[in-house]
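Chemist: Dropping a structure here in structure tokens format, bear with me for questions.
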Amino acid sequence: MPVSMAVCETANVVNAALRESLGGNSSAAGSSIDQAKSGEDSNGSLQNHIVANAKRILMAKIEYEEVPNYHESVLENLKSKYIVIKPGNPGAINGFGGKNNTGKVVGANGHDNNGARKQAEHPNNQSHHNNHNNHPHPTSNPNELPKPKRVLYPRENIRIGWKQSERKWQVGTGMINVGNTCYLNSTLQALLHIPALANWLVSEQAHLENCNVAESGGGCIVCAMAKTLLATQSNQSAVRPFLIYSKLKQICKHMVVGRQEDAHEFLRFLVEAMERAYLMRFRNYKELDQLVKETTPLGQIFGGYLRSEVRCLSCNHVSITFQHFQDLLLDIRKADSLEDAFEGHFSRERLEDMGYKCEGCKKKVSATKQFSLERAPITLCIQLKRFSMIGNKLTKQISLKPRIDLSKYAARSPAAQAQPLTYRLVSMVTHLGVSQHCGHYTAIGSTDTGSYYNFDDSYVRPIAMQSVCNTNAYIMFYELDLSQAASPAANRPNGVRLTNGHSTTPVPAATVSSPSPTRFIGPQLPPGGVNGYSNGNAQKTAIQFKQHHQQSQQNGFQLGTGKFQDTAKPPLVGAHAKGDANPVPTANGNKSSSTSSNSSSNHKSINQQQYLPISSEDEDSEDEMTPRPTTAQLPSMPKMTDDHTEKPKSPVKIQVKTPVKTPLKSLVPYESASEEEEAPQPNPRKRRSEEDSSESDQESGQTNGHSKTNGSLTNGSASSSVHVNNSKQKTDAIDEIFKSLKKSADSDDDDDEEESSIQLTNGWHPQKQSQSQSKAPPSPKTPPSPAVIKSKTGIWKVTRNDEVDDIDDDDDEEDEAPAKIQTPSKTHRNPFSSTKPSTESPATPGAKRQKLLNGSAVKSHQQPRVGNGYQSEATSNGSTINELLKQSHRGYGSSVLSWNGKPAELEKEPFELVCAKRIAGHGSVDGSDIVESSVAVNASSGSDSNDVVVIALLVDAREQRQRDLDDDEENEMDRGRQRKVKSSGSAKANNASNSTPGYNPFQEYEGQKRWNKNGGGGGGFPRFYNQNFRQNFQQRNKFKFNRFGGPGSAKFQQQRALQRHLAAGGGFSRRQPSAQQQQQQS
């Protein structure tokens, strides 16, 4: 047990030592001679004895005894240095809702809602402040928020809401942008539209008159803000915030005039500059501690305290700390709404494993951390983290609400949490742009009428509540709404004013908890007294309002959210119950609305007497209570008039037998099978206007909302005959060109096949229509498709057959038309390729291309789809396809995959079609032609000749492919195993083999002409009779004889015929056009 020490008196111990020393020395004195010696010895002996006795006394046992004042003198000092884990008096812990140590009665949100500071009885309160000035919280619980020893500006002096001031608040003017100052203008507009801050600035009138800070004639930064606020309230045009702009360096040193800055950064520096300016009013402001500096007006308005609880997962020890904040930075990477961002911010998170040193375990352990609101601020500033780690801006949409409830995030007792902690949106700063380094800032602010305005530099315009909630916000300011937690006798912060300017007595909102069945929205009048009413009269008020509401509708009133239009009597101001949220049409056509957005009204007036001030609870549950129409309508449904609503719905009748010519267009294409197969529409706007013009003559009784005609299919485009063959959609592009060049001999089979496909899904067969009615305008891009109609009888298609017969007849005429035989020249791979005669006239390619583009050809269903299902618009004469076909499909590398990732179809069998296409009509690279084979020359025009030509082409293609394979084996590159021998013969052979494959006789002719022009041996005879030329020709080309399959092959015969022709003098001295060659060969 702690006691105080009681030690015996030192004088008694010294006296005992002297007596003991003197008593021993007195017996030793014997004679007078020895008196002097004995005196000296006695003095030394006395000193030695005193020292020895003092040491013995200091080492003696100490006796203790308890004193009654130990608890007050010692333990109180120890309490200020250590944390009491288990206090002896449980009642010493003071929670919210009760009396704290300073004697102030606080509410559920941490401050006095009644606005009166009350002192509680504390016997030692004055002694604590006098004796322990070094400890501002001598008797407070360590788990509670410490109390400052001095309050610079009481929290109760903050006036919340526009109605707390006697001043009449205007909307405010805009601010002129003086050069990249949109961040400054928007921040100032957001701050000046906070009621608590505006009321404080107006109350600083005495300081404005006596401010001793002379900086450019504008005073301190607080005076500059107050003067700017008064300027925006008094002027009618945009103002220039030069008082703030001139102090930019004083606000923040690194900010440069004319440069873009961050609005939130400027906001933080501006608030700190205002706090410094306020602290300078006190003499010893530098000696004040941090808790006292946080009691400035700016700290009381924006400041709050977060409670951080770190719990050890090993010993469950909880470490509680408090943190002062003036804004909340919310992470929105995983949030889609503001509520989600709050949940993520105040959720429990786990710290790094074994990274927290626990005070109880005295070692590093795993722990969890959670934030909560110890004391909520009056004005909550929220910044959304719209920046990523890589420097980009997060432009995602975050849904907002005009009211938020933070009761579940408050660190209070369950009884105190029952009282709501509600905030209402007062202003915000938005950023427009895709990057955080550039863009434009705007602001949104609320007024005393409850409406919101958008401030874009010097432009000010009203904005609807829905637009405010859907804005890409960056900084938001929410002000505490005390009306939800106010007592019944307390006055309401915002009054109710009618359109004629007369205001009623302010009354508080009915506080309805969640179990209460009745929910009131908007301003209400009490049924009885003026000072207020209890919750028991709420149901009666709702009934009375419902009756008056019906009467007001008959009288022609329009009850809006922010305005009242008085036509006969003053309407009764009230609120809708939750069950009566649906608007009811009035007698004069107007509708009453139960929403709380002022900007949702359709009428705006300059005179502010026409606005109804919305109180703080008028906007409650704004997102929950929205007017819903009686009948749900889809966006695609047309607006039904009164006449249509009374008509009974009748089943839709579809008539196909008798087409009637009307200006109405049929609505068939909107239900086409696919986007690519929709029937073309000539002009959607024109068609729509025609439908509107004749809408009065038609019935509109459908359930899907689409307007119908009288039931007949009148538009030819809706019933145009287009035959779709799905089995032809994967044909190769080159196969398409090859089939378009040759004339089809089996058109009758195609017609039979098409006729079999002309039937409807559910068995309906349409009647044939005339040619004039069924002609549809051609579509230059989209291929036509059979129309699909959805009705109650099922899904069916409409096609016709007359156009097919007409197109077949046209094709037969083209087949029978005589055409000149065109001899295509050699190709890059095959110099002696046989070709087929072209049966097209010079005008045929253009007509054929036009038919293909219009989509009206018979074989349109046979046209393949190139790529990802899109149809190629090019025909056989297209330059791009011709250029691609001239190139080798084999290339110099491995096979190339197609666009859809599958192996190309130009391998194996399709190669025959490629060779056939080359032989058919593309000629050689240099544009010259060769003599075609006898099979092609003797072939006659018509279907028989086409079959013969096709068979010959396929045979030649297979042989050419085999020769190419053999040529590849012969021309393999030397890999070093075989030594190259340089000789004249091998050099010629190598030159021939390394050159372009195939022999070019015309190049040989030109070369021999240059060699033998002045040389001897030839004389004046033609060089064709020179035997050296023939020997050289044979010597150079003998290695190709085996390649052509021997003397019996067709290609060998072609080569020999050409050689004989050249040897007989049939060569050409100059290249001639293709037409002259054909005439000469014929």
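Cβ atoms here come from the backbone N, Cα and C positions, even for glycine.
Got these off Swiss-Prot a minute ago, pasting:
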type: REGION; residues: 24-45; note: region 'Disordered'
type: REGION; residues: 104-149; note: region 'Disordered'
type: DOMAIN; residues: 173-481; note: domain 'USP'
type: ACT_SITE; residues: Cys182; note: active site, nucleophile
type: ACT_SITE; residues: His440; note: active site, proton acceptor
type: REGION; residues: 488-886; note: region 'Disordered'
type: COMPBIAS; residues: 503-518; note: compositional bias 'Low complexity'
type: MOD_RES; residues: Ser514; note: phosphoserine
type: MOD_RES; residues: Ser516; note: phosphoserine
type: COMPBIAS; residues: 532-542; note: compositional bias 'Polar residues'
type: COMPBIAS; residues: 588-607; note: compositional bias 'Low complexity'
type: COMPBIAS; residues: 640-649; note: compositional bias 'Basic and acidic residues'
type: MOD_RES; residues: Thr658; note: phosphothreonine
type: MOD_RES; residues: Thr662; note: phosphothreonine
type: MOD_RES; residues: Ser672; note: phosphoserine
type: MOD_RES; residues: Ser674; note: phosphoserine
type: COMPBIAS; residues: 729-746; note: compositional bias 'Basic and acidic residues'
type: COMPBIAS; residues: 747-756; note: compositional bias 'Acidic residues'
type: MOD_RES; residues: Ser747; note: phosphoserine
type: COMPBIAS; residues: 777-786; note: compositional bias 'Pro residues'
type: MOD_RES; residues: Ser779; note: phosphoserine
type: MOD_RES; residues: Thr782; note: phosphothreonine
type: MOD_RES; residues: Ser785; note: phosphoserine
type: COMPBIAS; residues: 803-816; note: compositional bias 'Acidic residues'
type: COMPBIAS; residues: 822-842; note: compositional bias 'Polar residues'
type: MOD_RES; residues: Thr823; note: phosphothreonine
type: MOD_RES; residues: Ser841; note: phosphoserine
type: MOD_RES; residues: Thr844; note: phosphothreonine
type: COMPBIAS; residues: 857-882; note: compositional bias 'Polar residues'
type: REGION; residues: 960-1026; note: region 'Disordered'
type: COMPBIAS; residues: 983-995; note: compositional bias 'Low complexity'
type: REGION; residues: 1040-1082; note: region 'Disordered'
type: COMPBIAS; residues: 1053-1063; note: compositional bias 'Low complexity'
Chemist: For the active-site residues Cys182, His440, which Cβ has the most other Cβ atoms within 10 Å, all shown protein chains included?
Modeler: Cys182
Chemist: In angstrom units, rounded to an integer, how far apart are the Cα atoms of Cys182 (active site, nucleophile) and His440 (active site, proton acceptor)?
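Modeler: Here the two Cα atoms lie 7 Å apart.
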Chemist: Going by DSSP, how much of the compositional bias 'Low complexity' (1053-1063) is helix, how much is strand and how much is coil, in residues?
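Modeler: Split into helix, strand and coil, the compositional bias 'Low complexity' (1053-1063) gives 11 helix, 0 strand, 0 coil.
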Chemist: Quick check: in three-state DSSP terms, what is Cys182 (active site, nucleophile)?
Modeler: helix
Chemist: Check His440 (active site, proton acceptor) against DSSP and tell me helix, strand or coil, would you?
Modeler: strand
